[in-house]
Structure formats: C-alpha cells, structure tokens
C-alpha cells in the first residue's frame, strides 16, 4: 500500500509529466479533459522559443516546471492551497509578485517558501539549508517591508495561500537561473544520472528521488584512501569530515530518514544498492577541506527484480516506518 507521501508526490510528478510532455504517465484522454493537464503543443513550444511569455491560471493545488506568468483568482473560499515549483537540478527559481489582492486583516495569507513543505516535513532539511527556517519564508502579510520576490537556494520552491473572498487573488512571474554547483535537488524523474560537486565548501547536499530505486554510485572523490563502509554500527563515519550517506524513508525530510549506508572513502568502480523506500536520498557531508565529488545513476526499482548483481552491491532494505 503506497504511503500518503508517495501518493501526493506521485500526483505532483504527474503535473510535471504533463508540463514536460511525458505522456507515458498520462492517458491521452485524461490530458485532453482537464486544462491544467494539457501537454505542451508544438505551437506553444514555438511561441516559447520565440521569446513569448507563457501564461495560464493556477489551481488551488498546482505544480509548475516552466517559466511564465501565472494567476490565481478565487471563485470560492480557498483555505488550503499550494503551488509547487521545480526546475532542472542545475536551476534556481525566482518568484516575483506582479499583482496581489488579498485581505490580510480578514485571515488571508500568501507566503513563499525556499524549498518544499509536505505534511510538515521540509526539503531541504534544516541541517542542509544555508538559511534558518524563518529566513526561508517570505510572508506577504507579515509586518515590515513586503518582500515581493524570492530566489530559491535549490531547484524547488513553493507558495501557499488562503483566500476567503471570491474574486481576490494574485499573479506571479516565475524565472529560472543557472546554478553552477547544484546542491540540494529533488529529481523530476524516476531515473537519471547526476554528478554532485562541493568545491571546498563546508555544507551538506542532498539529492532526493521520490521513488523506490536502484542506485549505483561511482567515481567518489573525498580526499581519503580507498574503501567502502557499510552502516553496520552506530559509529558509521563518525570522525570523518567528508562522506556520503544513503538514506531511505517515507517522508520528505532527509534528517528524519533511516541511514542505510555510509561511504567514507574515495573509490573507483561502483557500489550499488536497491532501496525499496518511498523516498531515497543521497546526501554528501563536506568539511570544506576538499573538492568532493560523486557521480551516480538511478532508475526506478522493479518490485519483481530479485536478482543479485555480480558487482559491488548492497541488498535491498528499507524499514516500512520509523
């Protein structure tokens, strides 16, 4: 039975599939029946490539993976709404308020958040984000100067809002910028390949995949001697300033996930693991003393797949709940 988080995240990824034209996730008739699920037509693609801005209305719960101008207008009281923004791993997201008409005194609110929040859990976690939790919010109804723009620190951001009066709403413009050294990332797809580099910086970076996956790690450079350490004791990589850990769980926050394996030392070759969790995270901890780099590839785990591969491999494992 899929968890509530997995269902919600897969629902979000269906929005992504529709916007990116990945029809394998949708039946064509479903896409044609509901406007927000419409696939990008060739005409629209040509318009966007010609520099014209993409515009459409927002729903109470929505997902955006494309630049453009987006408007929400309440047709009835909307009390629990959110829009999730996601880019490619190497992209940052900027959200600007163009127009806002809400009643802050009447209980409305409109907030931006640097990252995602789902069921009370944050990505990136507080341990992995450069800002404090309070600094990650931009509250339109808050006291002091109104912050009308926010740039994300990673490839995901969101707004959440409550509007009581029909006819009220807001318009935002979404733009993307290149991030030369992507740190915290949520993958848009259940398969891919990625290289994470932390160049002499003291910080932690997490790559989140909201699927059960097979993940293969290669070309790990941490500035240490060769070796691979599996997390068989509470000691783990304690005392080692630079390491990579694999985490699994049912939530969004890496700090609340179960540690599955630690890689404390550089190696060449491959280390593979099957992780049957709703969410899989590869997390790199960096002391800032080295240029740390890890390359990995992943694909969605076939639940019928039971073969043990001949290469370096860690058996499939995940606690159903913790």
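The chain as shown is numbered from 1 upward.
Cβ atoms here come from the backbone N, Cα and C positions, even for glycine.
Whatever TrEMBL says is automated annotation, not expert-curated.
The disulfide bond annotation in TrEMBL covers 60-81, 104-141, 183-205, 237-264, 277-318. Summarising the annotation, TrEMBL assigns domain 'Corticotropin-releasing factor binding protein N-terminal' to 52-177. The domain 'Corticotropin-releasing factor binding protein C-terminal' annotation in TrEMBL covers 185-306. The signal peptide annotation in TrEMBL covers 1-25.
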**By Cα-Cα distance, the member of disulfide-bonded residues 104, 141, 237 nearest residue 277 (disulfide bond)** = 237
**Asked** Least buried of the disulfide-bonded residues 81, 104, 237, 264, 277, going by other Cβ atoms within 10 Å?
**Response** 104
**Asked** By DSSP, what is the split of the domain 'Corticotropin-releasing factor binding protein C-terminal' (185-306) into helix, strand and coil residues?
**Response** 3 helix, 66 strand, 53 coil
**Counts of helix, strand and coil residues, the domain 'Corticotropin-releasing factor binding protein N-terminal' (52-177), according to DSSP** = 3 helix, 67 strand, 56 coil
**Complete:** The number of other Cβ atoms within 10 Å of the Cβ of residue 183 (disulfide bond), counted over all protein chains shown, is 24
**Asked** Between the disulfide-bonded residues 60, 141, 205, whose Cβ has more other Cβ atoms within 10 Å than any of the rest?
**Response** 205
